[in-house]
Structure formats: C-alpha cells, structure tokens
Amino acid sequence: SNSLFEEVRPIVNGMDCKLG
C-alpha cells in the first residue's frame, strides 16, 4: 500500500528540486 507512495515521493522530490 505504501509502496506506491514510496515510489512516487522521489519523483515529486525531483520535480520540486527542478522547480526550485
């Protein structure tokens, strides 16, 4: 269940880093 969130968190973190 948390697997999906754990797999999506790095993507969101990468996007945030790119935006910042």
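Using the three backbone atoms N, Cα and C, a Cβ is placed for every residue, glycine included.
Keep in mind it's a predicted model, so treat the numbers as computed, not measured.
Residues annotated as domain 'Gla' in Swiss-Prot: 1-10. For GLU6, GLU7, the entry in Swiss-Prot reads 4-carboxyglutamate. Swiss-Prot lists 11-20 with the feature domain 'Peptidase S1', giving sequence analysis as the kind of evidence.
Other Cβ atoms within 10 Å of the Cβ of GLU6 (4-carboxyglutamate) number 9 in total over all chains. Counting only same-chain residues at least 6 apart in sequence, none has a Cβ under 8 Å from the Cβ of GLU7 (4-carboxyglutamate).
The helix, strand and coil residue counts that DSSP assigns across the domain 'Peptidase S1' (11-20) are 9 helix, 0 strand, 1 coil.
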